[in-house]
Amino acid sequence: MERTFAIIKPDAVERNITGKVLDKIEGAGFKIVGMKKIHLTKNEAEGFYYVHKERPFFNDLCTFMSRNPVVVLALEKENAIAAWRELMGATNPANAEAGTIRKDFGVSIEENTVHGSDSPESAAFEIPYFFSQLELV
């Protein structure tokens, strides 16, 4: 079994659709092995998105991700990373396939409901950024 990391972003939490997103996750066969609702500080968001620090959207992304609470998740499934990326859909909800989370719930490229690890290396950094081994079941 492979693990991946996911965030239900502030836009989704603000719109009270966390439960709908979780239903899609579990309905797709993912096991939630870690979950908590947190409010990131700007510094925590900057540390998490450090790989994007030179990108022009970095500051706006960190401000957005720290504006309100998020739900962080560790997910488990065969080929979890690829399966989660497929369920999320394209970054831009307008380009996402029907039935994906971003197509169903996303508002814009920034407010696209969810984040997900894009590689095993990313998951290996992202999961322990938010979860200790004791919190993963």
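Each residue, glycine too, has its Cβ placed from N, Cα and C.
Over in Swiss-Prot, the protein carries these features:
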type	residues	note
BINDING	Lys9, Phe57, Arg85, Thr91, Arg102, Asn112	ATP binding site
ACT_SITE	His115	active site, pros-phosphohistidine intermediate
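Structure with Swiss-Prot features highlighted.
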residue : record                                          : Cβ within 10 Å
Lys9    : ATP binding site                                : 24
Phe57   : ATP binding site                                : 12
Arg85   : ATP binding site                                : 17
Thr91   : ATP binding site                                : 13
Arg102  : ATP binding site                                : 23
Asn112  : ATP binding site                                : 24
His115  : active site, pros-phosphohistidine intermediate : 22
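Secondary structure at Asn112 (ATP binding site), as computed by DSSP, is coil.
The maximal spread of the ATP binding site, taken as the longest Cα to Cα distance among Lys9, Phe57, Arg85, Thr91, Arg102, Asn112, is 21 Å. The distance from the Cα of Thr91 (ATP binding site) to the Cα of the residue listed as 'active site, pros-phosphohistidine intermediate' comes to 9 Å.
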